[in-house]
């Protein structure tokens with residue numbers, strides 16, 4: 001049987017790894033315009049969509065033109081969001097609101113660049129938007 005004394009350091013190590021992993025997603029500059037979550041049914045038919053299911057972004061990398069909008073659509077009961085970091089420790093971090101099942105979140109990318117993102121409560125969920 002595993003004792004609490006043995007388990008606590010392991011949990012602490014996992015937590016520190018997760019925190020460190022999110023710091024690796026530092027951004028030099030992000031210029032986005034966001035909306036609050038909307039019903040997935042309201043996402044335009046011709047939109048660039050990243051689905052979320054089974055604890056992952058289904059299209060982990062998308063390429064768009066500056067000024068275009070990406071919609072993240074949550075298809076599962078587990079709440080998710082989209083977050084970007086501007087600094088290693090999270091200064092000026094952008095974190096979208098949590099989406100529940102059948103909700104979508106839209107972000108407009110106004111400047112060219114490569115934008116790595118992750119889900120705040122699930123930092124192993126990662127993706128990238130490349131803006132040309």
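Cβ from N, Cα, C; glycine included.
Looking at 27, 103, Swiss-Prot tags one of them with pyrrolidone carboxylic acid, and that residue is 27. For the domain 'Plastocyanin-like' (27-132), the DSSP-based tally of helix, strand and coil residues reads 3 helix, 54 strand, 49 coil. Between the binding-site residues 119, 125, 119 has the most other Cβ atoms inside 10 Å of its own Cβ, all protein chains included. Of all the binding-site residues listed here (80, 122), it is 122 whose C-beta has the fewest other C-beta atoms within 10 angstroms.
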